[in-house]
Amino acid sequence: MKSIFVAGTDTDVGKTYITAGLAVALRKMNVDVGVMKPFAAGTAQKKGFKSEDVEILAKAAQVADPENLINPQFFPIPASPYTAWKNLKTKPKVSTILSSFKKLSKLHEMILVEGMGGIMTPILKDYYITNLIKEMKIPSVIVTRSKVGTVNHTIMTIQMCQKYKIPIKGIIINDFDDDGYPIKNLKRDLESLTGVKVLGSIPFIKDMSNASLNRIFKKNIDLKSLLK
């Protein structure tokens, strides 16, 4: 079973919550799912995982894998790997990321890899998230918003994936609300303009318990298409 890279059209589109929800729902389908966030950044937590996002993923997937495999590199400032490298003099370790991914892949049937920022977030000079996905040799799922402007961002993200020959499993629309693009119209337009299937849309989630995530994702996401 192929692992999947959960990519976003931008930062803060909800990649962590989508990855967590997918992990919970797939586990309920008896898929042995592992999780990974190659790069994380921000203020380190005092207890548990350094990254809150990584902790959310590990709890959702109910894994006890070492932190250095789930999150091989953490930067203590909110910045891209490239900017963190320039500011902190800590170079992103792509070889370590790829090695950790291979090790995790031997421990689980499938790995959900959460990206960082958008698809062209820089890791090194002339090396972006797209390059990393390409080296991992896995397909992607694109997480996008429902707000006005999302069509532009989603099309650009998909075109970059296509340029790098990254297979796309589908699009997930996250956190839809009444003030955004009407979901039915957005789904129609995205599929018509990109030729990529919209796997579903997720409303704002207040209850992040595994039971709640499973219920919401089972109801709203085409999980069978995701696993094809």
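Positions of Cβ are set from backbone N, Cα and C atoms, glycine also.
These come from Swiss-Prot:
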- Lys37: active site (ACT_SITE)
- 12-17, Asp53, 114-117, 174-175, 203-205, Asn210: ATP binding site (BINDING)
- Thr16, Asp53, Glu114: Mg(2+) binding site (BINDING)
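This view paints the features noted in Swiss-Prot onto the structure.
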| residue | record | DSSP (3 states) |
| --- | --- | --- |
| Asp12 | ATP binding site | coil |
| Lys37 | active site | coil |
| Asp53 | ATP binding site | helix |
| Glu114 | Mg(2+) binding site | strand |
| Asp175 | ATP binding site | strand |
| Ile205 | ATP binding site | coil |
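In sequence order, Lys15, Tyr17, Thr19, Ala20, Lys37, Ala40, Ser51, Val54, Ile56, Leu57 are the residues of the same chain, not among Thr16, Asp53, Glu114, whose CB sits within 8 A of the CB centroid for the Mg(2+) site. Asp175 (ATP binding site) has Thr16 as its nearest neighbour among the recorded positions Thr16, Lys37, Glu114, going by CA to CA distance. Long-range Cβ proximity for Met116 (ATP binding site), meaning a same-chain Cβ under 8 A and a gap of 6 or more residues, is found for Thr11, Lys37, Pro38, Phe39, Ala40, Ala41, Ser80, Pro81, Ile129. Within 10 Å of Glu114 (Mg(2+) binding site), counting C-alpha to C-alpha distances, fall the following of the binding-site residues Asp12, Lys15, Ile205: Lys15. Each of the binding-site residues Asp12, Thr16 was scored by the number of other CB atoms within 10 Å of its CB, and the largest score is that of Thr16. Looking at Asp53 (ATP binding site) and Thr16 (Mg(2+) binding site), their Cα atoms lie 6 Å from each other. In this view, the densest Cβ surroundings among the binding-site residues Asp53, Glu114, Asp175 belong to Glu114, judged by other Cβ atoms lying within 10 Å.
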